[in-house]
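Colleague: First, the structure itself, so that you have it in front of you.
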Amino acid sequence: MSDRDLFAGLLAPRSFPGWVELLLPRIEARFQEGRHGDWPAWMQLLGELPKVVPTRLDFAQNAVRIEGDTDCDGATRRSIETALRRLHPWRKGPYDIHGIFIDAEWRSDLKWRRLEGAIAPLAGRRVLDVGCGNGYHAWRMLGAGAKSVIGIDPTLLSVVQFLAVRHFAGDWPVAVLPLGIEDFPAETRAFDTVFSMGVLYHRRSPFDHLVELKGCLRPGGELVLETLVVEGEAGRVLVPEGRYAQMRNVWFVPSPPTLSSWLTRAGFRQARLIDVSPTTTQEQRSTGWMRFQSLADFLDPEDPSRTIEGHPAPRRAIFLAEAP
């Protein structure tokens, strides 16, 4: 299957009317800039995954669960696990695929638990998830009743992990595409809810990012924004001169009052804080499915309230806001 056919199939008109014409040229332009060197091997891996008919699917529990009654004996299960482990590292999860538990670096279900009761109900809504990783939250959005979910993330391995999960889940109105927000059409005003989680602090211009998100929302649509914050009054912003928790590309970490004012200045209405939580080593950690260093390695061993660079340890805030 060609790359074009692969992504055109994800954007099937019955689920995403009009989006093939808008997004496919942008995906093709992205691939013209160069593919990841492992892309052919990943496509071969996807093509060789066993075909197991799902009989039970649950996108509303902590682990996105896909099960089947037949066609998944021990040998098949071992084959599936071997293939999925070749897609290491798994950053977001957990997943339970035919009894194979993918214990990803992030307990992404904990973040979902913090926001699910506060956001506008997703039933019947068209959703965009910016910086979606491998699509764990996109499946949870579908489980919460979303009509359709488009996730975008420029990391090709994350897209391949989504495609592997989708292979076993079947055809659902959810797609993860290899695009960044800067590649997405401006001012579509097409979505009822837009999520941006773990993206804002990676942007050199946070205001540009907020304006891009606003342009994706219909009037009255809801933004769900999750990002790193520091404690402090309005006006306080941490601008790391070097790394932050070993991340090179952290540009701005505002206080919650500062972020609220940014949302208002960017044109959003009714900005409100719904949660602030420290990131713990129970939520982000190394596992058998993500064997590299993780949060525990990035904190000061003598004072875990600081990063190894001396900055305040990660705290994350969730804001809701309404598009005008």
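Glycine is treated like the rest: Cβ placed from N, Cα and C.
For Lys92, Trp106, Lys111, Gly131, Asp153, Pro154, Thr155, Ile181, Glu182, Met197, Tyr201, Arg316, the entry in Swiss-Prot reads carboxy-S-adenosyl-L-methionine binding site.
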Colleague: Going along the chain, which residues six or more apart from Lys92 (carboxy-S-adenosyl-L-methionine binding site) have their CB under 8 A from its CB?
Modeller: Ala104, Glu105, Trp106, Ser108, Gly133, Asn134, Gly135, Tyr136, His137, Ser158
Colleague: With the carboxy-S-adenosyl-L-methionine site defined by the record as Lys92, Trp106, Lys111, Gly131, Asp153, Pro154, Thr155, Ile181, Glu182, Met197, Tyr201, Arg316, how many Å span the farthest pair of C-alpha atoms?
Modeller: 25
Colleague: Counting other Cβ atoms within 10 Å of each residue's Cβ, which of the binding-site residues Asp153, Glu182 comes out lowest?
Modeller: Glu182
